[in-house]
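Some notes on the structure that comes next.
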Amino acid sequence: MRPRRILTPWVLMAPALAVALIFHVVPFFRTVQLSFTDFRLASGGQYVGLENFGALATSDVFWLSAGNTLLYVVVVVPLLVVLPLLLAMLVQPKIPGMSFFRASFYTPVIASMVVVGLIWVFLLKERGPVNWLFQTLSIVQEPLPFLTDGTLLLFSCMLVTVWKGLGFYMVIYLTALANVPGELHEAAQVDGAGGIRRFWSVTVPSVRPTMLLVGVLSAIAAMKVYAEIFVIAGPTAGPGGTVRSLVFTIREVGSGFDGQVGYAAAMSLVLFVFTIGLTVALQKLSRENVEA
Amino acid sequence: MTLNRTRRALGAAAAASGLALALAGCSLEGVDTGSEASADELSTVEGEISFATLELSSNPDLAKYIEDTIAAFEDEYPGTEVEWIDVPFAGAQEKFAADAAAGNLPDVVNMNPNFAQPLEREGVFMDIDQADPELASEYVEGAWKGFQVPGTEGTFGVPWYLTSEVTMYNADLYEKAGLDPDDAPETFEELYEDAAAISKAGAGAYYGLHPALENRFLTDLAKIGVPLIDEDLVWTFNTPEAVEHVEMLAEMYQSGVFPADSVTQTLNDAKEGYQAGTVAVFPSGPNFLNGIEQNAPQVFENTRVAPQIAAEGEPINMSVMGLLIPKTSENKGTALAFTKFITNAENQLAFSKVAPVLPSVTEALEDPFFQDDSDGTELSKAIKLSANGLERAENLTPVQYDDQVKNAVLAKIQLALTGELSATDALDQAVEAANEITGGGE
């Protein structure tokens with residue numbers, strides 16, 4: 001093969017490679033390097049070995065953030081794997097007016113998280129529509145403190161994440177559902193299978209790879225949760241700062257002229273390892289399922 | 001084989017260049033601090049300088065004022081040229097931090113003391129006391145002190161424009177609660193009594209006061225005489241007086257004097273509440289009146305103003321915006337001349353006539369403009385009240401109270417308000433958290 005033909009693909013890839021290098025590879029190396037320093041923007045820094053990681057291990061704030069992030073993944077991911085599938089099945093039939101519902105469910109995806117957060121803050125106020133509804137239906141006697149109680153605040157944030165993500169994952173499922181052969185459903189129906197049985201025996205096995213993809217994507221998104229918490233729980237992350245996620249804490253300690261950038265970089269690296277670990281675990285699960 | 005080798009070589013080259021690039025940007029140095037100006041440098045007023053302001057160009061009148069002032073400076077000092085850069089407030093800190101790291105800060109930068117303090121601690125800005133020892137006497141004392149760091153020598157900025165809050169209140173809500181709208185609260189006790197009466201009358205539809213912890217918690221402590229931070233930069237605000245204050249806030253929150261969700265809300269929510277007519281009292285600078293007039297004309301009609309509240313003998317609060325000259329500036333003489341020019345009495349008076357802010361030079365404050373409220377508007381009354389309060393005003397927010405410290409402190413105070421921590425424990429933990437972040441007492 002002539003050298004020119006070897007170089008051509010590299011030349012074509014050069015812009016994309018340059019972007020990846022400048023905006024991903026270099027910042028990644030820089031983060032790794034900074035995580036071993038006590039760097040602050042204003043004063044600079046020096047190498048401190050594993051000091052930052054040692055400090056993380058004994059930091060209550062770090063473990064609180066990590067615990068909340070893990071809880072976020074555990075609650076949000078199953079909901080974002082199951083609910084959009086049900087929603088996709090609901091809006092899949094090609095009947096007049098259905099496209100309106102598809103577009104409606106997708107709207108939160110394109111809305112800014114800040115706008116979505118502010119809408120939910122209004123809905124969840126102690127004297128807001130949700131509490132009014134609950135009280136009118138006699139579900140509760142006193143309004144629920146969705147925005148001031150530490151535990152409820154975290155679940156309020158999760159609710160927003162799920163609500164905003166539904167439309168996006170619904171579209172992914174719609175594509176997968178369109179590829180499920182109709183004959184499979186017909187054959188199952190002839191064999192006497194009802195709707196629920198066909199869902200478990202035909203739909204779920206057919207879209208399982210997509211469910212795993214949605215699981216991975218929503219898990220990565222849940223690991224990075226920040227805006228929901230900032231908008232709904234406020235800049236302190238709720239009373240006592242108890243609703244903080246890892247990214248919230250990373251931003252808090254690392255930003256500003258005086259931010260502890262080295263410490264924040266170490267935390268980012270730990271988050272990176274957690275995320276990679278989770279992704280690898282889900283991929284392994286995916287392979288085992290395919291083999292089974 | 002050849003193809004594989006070439007691929008491997010290209011791959012290795014890409015990886016090596018990536019690593020090289022990564023390492024090239026891996027300096028661990030802090031900001032470039034430059035050097036102090038020599039007498040020669042300071043006496044040379046010529047050449048080009050850049051001048052960065054914080055979000056002033058969005059107001060066309062202000063933009064014109066800045067452009068005209070720059071033109072007047074260039075006329076007075078032939079051979080000089082000023083390039084004006086207006087930076088949006090959001091993200092300004094990151095931009096200035098990056099500029100400082102690169103030794104590339106504009107020659108004259110508009111910042112508030114809290115914004116500038118971490119850079120000043122590294123010695124980024126010129127000491128104005130050293131550059132022009134006579135200058136301090138021309139400015140409002142409290143404002144000049146705003147650019148001094150406790151325990152260190154010198155002043156690292158020149159105060160430019162000031163705002164000092166007044167008590168704004170909704171006369172309509174006062175009347176609805178059976179209170180006399182002409183009898184404005186003058187003490188914290190009166191304020192809290194009025195707030196309780198209004199919230200009771202509002203029964204959830206409107207409230208007397210929003211705690212706006214983000215904005216007022218620490219300054220209110222200073223206004224009742226609680227020492228916030230000592231000379232050794234150790235936070236000290238867990239005093240018995242502070243405990244009493246927090247206990248009162250908690251009682252008011254739990255008894256419904258404040259809106260139920262207010263404990264986690266920000267200053268913006270308090271502003272919105274006042275503009276929506278659901279909060280009766282909102283302490284703010286006179287410039288907020290323009291916003292109310294624009295966004296909520298009905299509330300503006302009902303708005304009355306009164307002096308800022310502080311305990312007897314204690315200072316009131318003011319916000320200071322200043323101009324700072326980085327030591328990396330290549331035209332320090334021009335930068336200093338421009339700073340003095342734009343903050344002189346004539347130019348600051350003109351500024352105050354365009355925007356409802358107060359000048360930092362005492363000479364400008366003596367102008368009848370700040371004492372003339374004969375037009376009967378709340379704006380002119382607010383400007384007069386605000387200007388007259390400057391004598392006892394200080395920037396009460398310590399420069400060390402950055403976002404990280406503020407969030408750590410307020411997180412504990414929120415727990416006191418919701419009743420999950422006692423006021424004593426909340427304040428002790430808040431002080432401990434603040435000292436841990438700022439290294440107080442080390």
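Glycine residues also receive a Cβ, built from the backbone N, Cα and C atoms like all the rest.
Noted in TrEMBL for the protein shown:
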{"type": "DOMAIN", "residues": "A:66-282", "note": "domain 'ABC transmembrane type-1'"}
{"type": "TRANSMEM", "residues": "A:7-29", "note": "transmembrane segment"}
{"type": "TRANSMEM", "residues": "A:70-91", "note": "transmembrane segment"}
{"type": "TRANSMEM", "residues": "A:103-123", "note": "transmembrane segment"}
{"type": "TRANSMEM", "residues": "A:152-174", "note": "transmembrane segment"}
{"type": "TRANSMEM", "residues": "A:211-233", "note": "transmembrane segment"}
{"type": "TRANSMEM", "residues": "A:261-282", "note": "transmembrane segment"}
Long-range Cβ neighbours of the transmembrane segment (A:152-174) (under 8 Å; 6 or more residues past either end): 68, 71-72, 75-76, 79-81, 83-85, 87-89, 91-92, 102, 105-109, 111, 113, 116-117, 120, 124, 144-146, 207, 210, 213-214, 217-218, 221-222, 225, 228-229, 232-233, 238, 242-243
Best-contacting stretch, by C-beta pairs under 8 Å, relative to the transmembrane segment (A:211-233) and drawn from A:7-29, A:70-91, A:103-123, A:261-282: A:70-91
Chain residues outside the transmembrane segment (A:261-282) and at least six past its termini with a C-beta under 8 angstroms from it: 31-32, 34-41, 45, 48, 52-53, 55-56, 62, 66, 69, 73, 212, 215-216, 219-220, 223-224, 246-247, 249-251, 253-254
Folded-back contacts onto the transmembrane segment (A:7-29), same chain, C-beta under 8 angstroms, at least six residues removed: none
